Amino acid sequence: NGFGRIGRNFLRCLETRQNSLLEVIAINDSGGVKQASHLLKYDSTLGKFDADVKIVDDGHISVNGKSIRVVSSRDPTKLPWGEMEIDLVIEGTGVFIDTPGASKHIEAGAKKVLITAPAKGSDIPTYVVGVNAHDYKHSDAIISNASCTTNCLAPFVKVLDEKFGIVKGTMTNTHSYTGDQRLLDASHRDLRRARAAALNIVPTTTGAAKAVALVLPKLKGKLNGIALRVPTPNVSVVDLVVQVEKKTFAEEINNAFKEAAAGSLNGVLAVSDEPLVSVDFRCTDVSSTIDSSLTMVMGADMVKVVAWYDNEWG
C-alpha cells in the first residue's frame, strides 16, 4: 500500500531474491499504472531497473512477465484484499501507522499488515531483524518494522550492551534528505524541514534512539539523539557516543562487532575496515555497517561508534 520510495524499492529488492516465498500481486497507489511503471523502471538514485517492466492495461503492470494489479484508493477499507486473498500488506504510505489506520487493511480482507515505519501507539509490536525478530508472535496481525535508523542502530547497540554494558548515550544521525522535506522553502509543520533540502544542513528530531528501547527494553531511558538532514539523496550514518560499564579499547570493540557480524548478526551487521564514503554503501543489504577506523574510546569507558546504512534499502 503506497508505491513510493519504500514500495518500489521493496519490489526491486524482491526481484533480486531467489526462491522467495513472497509474490507481489497488487499495488495501491494514487498514480495509476503509468506512474507506477515509469517510476519503477527509472530511478534517479538507483538507476534503471534491470527488469522487464510493462503496462499491460489500465489496471495492471507486469514485472518480468508477472502480472501485478494496480488500484487507486485512498480508503484502505475499499481495497480488494479479500477478493485477492492477500496474506500480507506492506503499509508504506507513512499514513496508516496506528491500529485504527492499519486495521482498515484487515477490514478489507488482508490477513496481516507490516508497517514500514515506527508505529503510533504502544499496542503495535515493533520488531527489528537480528535484535528481537525471534519474539514475533504469529498471532500478531499488525506489526512495525521500526525506522531505517532504528534498524541501523539497534543491532550494534545490542552488541555494545551485551559485551560492555551501556550506561547512557546520545546519537547524532546524519541523514539524507527525504520526501518529507521541501525542495524549496515552503510551509511545513517543522520550520526547519520547511527550508530547501538540497541547500541546507537541517537539524530535526528523530525518535530512533528512544525507539531502541522498544526492541531492547533494558535500554529504556538510556539513549537519545537528534538528526541532521543533509543534501544527499540516499545513504545515512549514525554517530553514537555511549558510556559503558566495562573498561575497554577500540580494537576490542571492533572485534566484538566482527564476531557478531560473522555469527549471530550475519547478514544484519557488517564491519568495514576501508576508508569509504556514503555512496559506497548504496544498496547495502545489511542493516548496519560499522566504520571500524572511526571507533574511538576516551578514558576507557566513553565509546564512539559510527555506522553506515542505506536508509532506503538496508
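Note that the numbers count up from 1, one per residue, in the order the chain is shown.
Backbone N, Cα and C atoms are what each Cβ position is placed from, and that goes for glycine too.
DSSP gives CYS148 (active site, nucleophile) a helix state. Summarising the annotation, Swiss-Prot assigns active site, nucleophile to CYS148 and lists sequence analysis as the type of evidence.
Taken from Swiss-Prot, the feature NADP(+) binding site covers ARG5, ILE6, ASP29, ARG74, ASN311, and the record attributes it to similarity to another entry. DSSP assigns ARG74 (NADP(+) binding site) to coil, not to a helix or a strand. Within the same chain, residues at least 6 positions away in sequence whose Cβ sits under 8 Å from that of ARG74 (NADP(+) binding site) are SER30.
Annotated D-glyceraldehyde 3-phosphate binding site per Swiss-Prot: SER147, CYS148, THR149, THR178, ARG193, THR206, GLY207, ARG229, in sequence order, evidence recorded as similarity to another entry. Taking Cβ-Cβ distances under 8 Å and a sequence separation of 6 or more, the neighbours of CYS148 (active site, nucleophile) in its chain are SER236, TYR309, ASN311, GLU312, GLY314.
Under the heading disulfide bond, Swiss-Prot lists CYS13-CYS283, citing similarity to another entry as support. The Cβ of CYS13 (disulfide bond) lies under 8 Å from the Cβ of TRP313, each of these being in the same chain and 6 or more residues away along the sequence. CYS13 (disulfide bond) carries a helical DSSP state (H, G or I).
The number of other Cβ atoms within 10 Å of the Cβ belonging to HIS175 (site 'Activates thiol group during catalysis'), over all protein chains shown, comes to 23. For HIS175, the entry in Swiss-Prot reads site 'Activates thiol group during catalysis', with the evidence type similarity to another entry.
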Cα distance (Å, whole number) from GLY207 (D-glyceraldehyde 3-phosphate binding site) to ILE6 (NADP(+) binding site):
19
Pick out which of the binding-site residues THR149, THR178, THR206 has the most other Cβ atoms within 10 Å of its own Cβ.
THR149
What number of additional C-beta atoms lies within 10 angstroms of the C-beta atom of ARG193 (D-glyceraldehyde 3-phosphate binding site)?
20
For ASP29 (NADP(+) binding site), which of the binding-site residues SER147, THR149, THR178, THR206 has the nearest Cα in space?
THR178
In sequence order, which residues at least six apart in the same chain have a CB under 8 Å from the CB of ARG229 (D-glyceraldehyde 3-phosphate binding site)?
HIS175, SER176, TYR177, THR178, GLN181, ARG193, ALA197, ASN200, ILE201, VAL202, PRO203, THR204
